[in-house]
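**Q** I am attaching a structure below and will ask some questions about it afterwards.
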Amino acid sequence: MLLTQSYFCIMSMLGTLARLGLTALNTYPGAPFSGLLWVQFVGCVIMGFCQTESVFFPRPKHNATFLLAITTGFCGSLTTFSSWMLQMFTGMANLDPFERRGRGYSFLSVVSDFMVTMCIAMSSLIWGKQIGKTTGQWRIGKVAFAWPIPAHTHIVVRVLLLLLSICFFVGAAFYTAYTTNVTHRGIGFSLIFSPFAALTRLYLARFLNSPQYFIPYGTLCANVFATLLLSIMYMIPQITHCTPVSRSVMYGIQNGFCAVLSTLSTFSNELHTMPIKRAYIYCIISVAISFSICVIVDGATAWGHGYTEKY
């Protein structure tokens, strides 16, 4: 159990850093699409790769903890369902007073965002599965470029991983407490909240994602609750004045807790492995409930009260 938690602590923080970095790197004036799309693409490719790879993990049952940390921990923290829902809402809401558009374009914005993201997620997942099947051919002559990872973790390695996860977490906490850079403080809070969100998602999946259930209720609950909390955290600084520290905390909750608690890579993998009828029902329920939450929480505030503060 401690080994699993150590893996998840490290992987969730690395996934959060990778998501923030990829999003920032691909967010620039004139970008052809949102930086969040690259995050979903990379996470789903890695998720698909780990599903079919047989050289690095020749005995999946013995490497189950490490595989779980990569797929559920890293990929689940890298991709995000709640931020996608909020992005769909902000694209539809038409809140920019200087670039008003017709209601029909708002509808097209929602449809476009949904279709493009789902197509990228599913196709990249399948592509990752195809790449995973080729690892046995990663060689030039007799030189192989893929080696099996040890199936059993030595007790010394387990202790080192536990200490590393503690040091990583404590280091992020101390840096967040003493830094004066607002951006760094927000990223620090994101790192602090991410392990708690990843472990919450893990235990929700263990208790509520039984094959006996019609749909994976654990992933559904994680995605819906994360979307609800993200909508609230996005709305608060838009309607009331917040101190720089409180804004950093809310930024950390949005990008550390909510974005990590929700996941698109696991969601896409579940859709790919489920029977077609159940997959469509699961997808419709997840998107409809989550997007409705964004509309109710943020839409009612934006169109009724109005956003008076610049976030």
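Placed from the backbone N, Cα and C atoms, the Cβ positions cover glycine too.
Owing to the predicted nature of the structure, the values given are computational and were not obtained by experimental measurement.
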**Q** From Swiss-Prot's topology annotation, check whether G132 and E53 share a side of the membrane.
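**A** Yes, Swiss-Prot places E53 and G132 on the same side of the membrane.
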**Q** Which one of N63, N181 gets the tag N-linked glycosylation site in Swiss-Prot?
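**A** Per Swiss-Prot, N-linked glycosylation site applies to N181.
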**Q** For the transmembrane segment (66-86) and the transmembrane segment (155-175), decide whether they are in contact, meaning at least 3 CB pairs lie under 8 A, counting pairs 6 or more apart in sequence.
**A** no
**Q** Using a Cβ distance cut-off of under 8 Å, indicate which of 30-50, 187-207, 213-233 has the most pairs with the transmembrane segment (155-175).
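**A** Most contacts with the transmembrane segment (155-175): 187-207.
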**Q** What are the DSSP helix, strand and coil residue counts for the topological domain 'Extracellular' (176-186)?
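**A** Breakdown, helix to coil: 8 helix, 0 strand, 3 coil.
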**Q** Over the span of the topological domain 'Cytoplasmic' (208-212), count residues by DSSP class, listing helix, strand and coil in order.
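**A** When I sort the residues of the topological domain 'Cytoplasmic' (208-212) into the three classes, I find 1 helix, 0 strand, 4 coil.
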